[in-house]
Each structure stands twice: as C-alpha cells, then as structure tokens.
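Heads up, the thing below is written out as structure tokens.
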Amino acid sequence: MDSSSSNDHHQQKEVTNWMNMENGGAANKGSSGKEIWTCKSAQNVSSSMVRKKSDPVLVPSNVRFRLFRQFLANLQEVVLGTKLALLFPAIPLAIVADSYKFGRPWIFALSLLGLTPLAERVSFLTEQIAYFTGPTVGGLLNATCGNATELIIALLALYQKKINVLKNSLLGSILSNLLLVLGSSLLCGGLANLRKEQRYDRKQADVNSLLLLLGLLCHMLPLMFRYASISTTEIFNADSTLQLSRASSIVMLLSYIGYIFFQLKTHRQIFESQEEDEEEEEKAVIGFWSAFSWLVGMTVIIAVLSEYVVGTIEAASDSWGISVSFISIILLPIVGNAAEHAGSVIFAFKNKLDISLGVALGSATQISMFVVPSCVIIAWIMGISMDLDFNLLETGSLAFSIIITAFTLQDGTSHYMKGVVLCLCYIVIAACFFVDKIPQNTANVGATPSGVLAA
C-alpha cells in the first residue's frame, strides 16, 4: 500500500473514531433498522433521495485539533452531503445583493434558490437529532419541522402584515403537494411500472383525507359566513368572521395534536408500512449537539432569506410582469420543496407509493392543520387581524383539489392516468393565478380595521 493510500485510510479511521466519540456510541448500540426508521417521517425519507455520500476531502490528515477536525467533518456532511450543494453559493450572493442594494428581483431570485438546499438540510438535521431522541420524540420533531421553511416565510409575512402573501404561499403549498407532487409521482410511477399493479395502503390516505376535509370546512365557513351576511343584511361584520376563524383554528390545532398522537402512539403501524423493503441499517453521521447547532444556524439563515423573499416579492412581480398570486401560490412551493418532491417521484419509480403518498398528503395535512391555524393564533397574539377567509377563487381551488385527490385515492390502486389528471388540474389552477392581476395591497387584512364594512 503506498503512502497516500495509507494516509487516506488513517484519515478515515480518525474521522470515524471521533464521530463515534461525539455520538456517545449511540450509532453502535445495536439499534435495529426498524427502530431507527420509525423516527423518520415520509418527508425525511423522500428528502434522503437527494443526499449523497462524499469522501472526507475537507478533513486533511495533518489537522491535529480535534474540534477543528470535527467541524470540517460536519461541514463535509452538512454542506456537501446533498446533490443540491451547487445552490449554496446563492446564499452569500443574496446577502451581498441586499447589502449593496442590487436589483430587488435579483435578491428575490437568489434568496429563493438559496432556500432550496436549506429546506432539505433542515430535514436531514432533524433526522440526525431523531437518532438520539428515540422514535416518539424524533417522530414528533419530524412531524412539526417538516415544513419549517414554509412556517418561517409565513411568520415573516405576518410580521410585515402581508396577509395575502402569507395565505397564498400556504395555499400554494397545499395545492402543490396534492396535485403536482402526488400527480407527478403517480404519473411517473405508473409509466415506470406499466406491467405491475401499483398498490398502496388506503388507511394512511384515508386519515389524511379526513383531516384535509376538516380543514377545508374550517376554511369555507368564514367565506360562506361573509357571503351569507352580505346577501341578507348587505353589511359584513369582520369581527364575527375573525372570531369564527380563531375558534376554527383552535379546533384545527386540537385535531392536529390528535393526529400526531394517532400517528406516533395508537396506530403507529399504519404509518410504518414504508419500512418493509428497507434492509440497510442506518446510523447518525454527526453528533446530537453538532446537529442541533447546525439546525439553529440554518434556521437563522432561512429566516434571513425568507425576509428577503417576502420583502422583494412585489418588486419581482412588477419586474417580471407576473402576478404576486402566481409567484406566491406556484413558484414559492415548487422551489422551496424541490428536494422533497424529487424524492417522492423517485420512490414512485421504485413502486413505493406509500412513501410518495406520505410525502404529499402528510405535508399538505401539516400545512392545512398546523401551519395555517398557528399563523391565525400568532396573529391574534400580535394583534393582527388574520382570518381563514382565503377568498372565493382560492378556497374553490382548494376545495376541488382536495375532493379530486380524495376520489383519486379511494380504491387503493394507481395507474398513470390518475397522475395525468392531477397534473392537468394543477396546470389549470396555475394558469388561473397567472392571469390573476388583483392588486395585493387591497387584500392585506392586517391593515383593515375591524368593524362593520359596507358590501
């Protein structure tokens, strides 16, 4: 063996030794693959498809300081451990563009690109933390952090009182998961498995469909209440709609808590069907505190880029000649969840539809039943008037999307034609919002005083 090969072997051995020391031996305690797998959500499993194993090129053998060597190895795993690493330079470019007052559309575009790998890395880091917290806490962490990027963007839009941008971005996430992600997964999976019957467990799909329908009811009631008030009295009491929305949001959060308990405790086996074909035992690649530190740091960066996105979306709309509705409902969800969506399609190719459905339906359920009502409650605490009235066009699009998806998944089998229909539905809705030129500042509910408004 020559000296270079010997050095490489020694280097890899050193990295492995300090990794085991940092992990406290947790990676070598004989945990079964099944036990580790239960810590994952479908979103984490899907995002893992865009990860890659990389040689420790950042850890030279002559580095003697253990902490510095540990930092370099973590940098290797966290930054270069994804196929989306090429997009990381967009992060400093966005910061530089903002500091030197470059064109605001450029800031928006660079920030949007920078959020793409960060969203996948947050999924990776929560998965790493889950290895050390156990299945229940890890599953709860994954269930609540699966859409961290969307939640941060929503909170920043709420802080800037851009309520319509907030609502549209959350609505777009739900539509994207139900129609684009699920549709493209069923389409690609059906074409790749023409001679096989694709089947999935209906139980998981039924639970998510029920929750989505409950969320739809909570979205429709304020809208119907507003139109009923106008048709009978020709006046509209905004306070009543606001109170109804807040009560509905509390109900939605309670139902989501029940869903988490159902998923992690009483009916856990329903959501573990994807582990059947998983044979390779997995273990943590970085330690608990390292993962936690990286997670905090990346969350701060996501908050900075999200602030850029929210603050420059109108400028990008004016410069590109595209409506804010189209950008927030269509572009933001596609770019922000690209890694997760790509993984879902790959699993459909492999005829693992349970994972693909878990990604699409699980993420849509989390946005609808957790992120949206959380924003309403937080706005209530901040003294901002945000309700669940998403307007007629948006609510109608959501309603038909949920109903079409529920019909698509009713028989437990799949073929490519189902995917074609869902994708075409998404294209039609995207075209609708592309031609929507309603001024966004007229819908910023946070600036609207409560009381009696003329119809």
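Every residue, even glycine, has its Cβ placed from backbone N, Cα and C.
Among the features that TrEMBL reports, region 'Disordered' is placed at 1-33.
TrEMBL lists 78-97 (among others) with the feature transmembrane segment.
The transmembrane segment annotation in TrEMBL covers 103-119 (among others).
If you look up TrEMBL, you'll see 106-264 (among others) marked as domain 'Sodium/calcium exchanger membrane region'.
Residues or ranges marked as transmembrane segment in TrEMBL: 140-159 (among others).
Annotation comment: TrEMBL describes 171-194 (among others) as transmembrane segment. Using a Cβ-Cβ cut-off under 8 Å and counting only residues 6 or more beyond its ends in the same chain, the transmembrane segment (171-194) has close neighbours at 147, 150, 212, 328-330, 332-334, 336-337, 340-341, 344-345, 347-349, 351, 353, 356-357, 359-361, 363-364, 367-368, 371, 390, 394, 397-398, 401-402, 404-405, 408, 414-423, 425-426, 429.
Residues annotated as transmembrane segment in TrEMBL: 206-225 (among others).
The transmembrane segment feature in TrEMBL is assigned to 245-264 (among others).
Under the heading transmembrane segment, TrEMBL lists 285-308 (among others). Residues of the same chain lying 6 or more positions beyond the ends of the transmembrane segment (285-308) and with a Cβ under 8 Å from any Cβ of it are 19, 22-24, 70, 73-74, 77-78, 81, 91, 94-95, 98, 107-108, 111, 114-115, 118-119, 121-122, 125-126, 128-129, 132, 148-149, 152-153, 156.
The domain 'Sodium/calcium exchanger membrane region' annotation in TrEMBL covers 292-434 (among others).
Tertiary proximity for the transmembrane segment (320-339) is limited to same-chain residues at least six positions away from its ends with a CB under 8 Å from its CB atoms, namely 47, 50, 82, 84, 105, 112-113, 115-117, 119-120, 123, 149-150, 153, 164-165, 168-169, 171-173, 175-177, 180-181, 309, 313-314, 363, 394, 430, 433-438, 440. TrEMBL lists 320-339 (among others) with the feature transmembrane segment.
According to TrEMBL, the feature transmembrane segment maps to 359-384 (among others). Sequence-distant neighbours of the transmembrane segment (359-384) (same chain, 6+ residues past either end, Cβ-Cβ under 8 Å): 41-43, 45-46, 143-144, 146-147, 150-151, 154-155, 158-159, 161, 163, 166, 170, 173-174, 177-178, 181-182, 185, 204-205, 208-209, 211-212, 214-216, 218, 245-246, 248-250, 252-253, 255-256, 259, 337, 340-341, 343-344, 347, 405, 446.
What TrEMBL records for 416-436 (among others) is transmembrane segment. Beyond its flanks by at least six residues, the transmembrane segment (416-436) meets 175-176, 178-180, 182-191, 194, 322-323, 325-326, 329-330, 393, 397, 400-401, 404-405, 408 of its own chain at Cβ-Cβ distances under 8 Å.
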Self-check item: Long-range environment of the transmembrane segment (206-225) - Cβ separation under 8 angstroms, sequence gap at least 6
Solution: 178, 240-241, 244-245, 248-249, 251-252, 255-256, 259, 262, 270, 361-362, 364-365, 368-369, 372-373, 387-392, 395, 398-399, 402, 405-406, 409
Self-check item: Counts by DSSP class (helix H/G/I, strand E/B, coil) across the domain 'Sodium/calcium exchanger membrane region' (292-434)
Solution: 120 helix, 2 strand, 21 coil
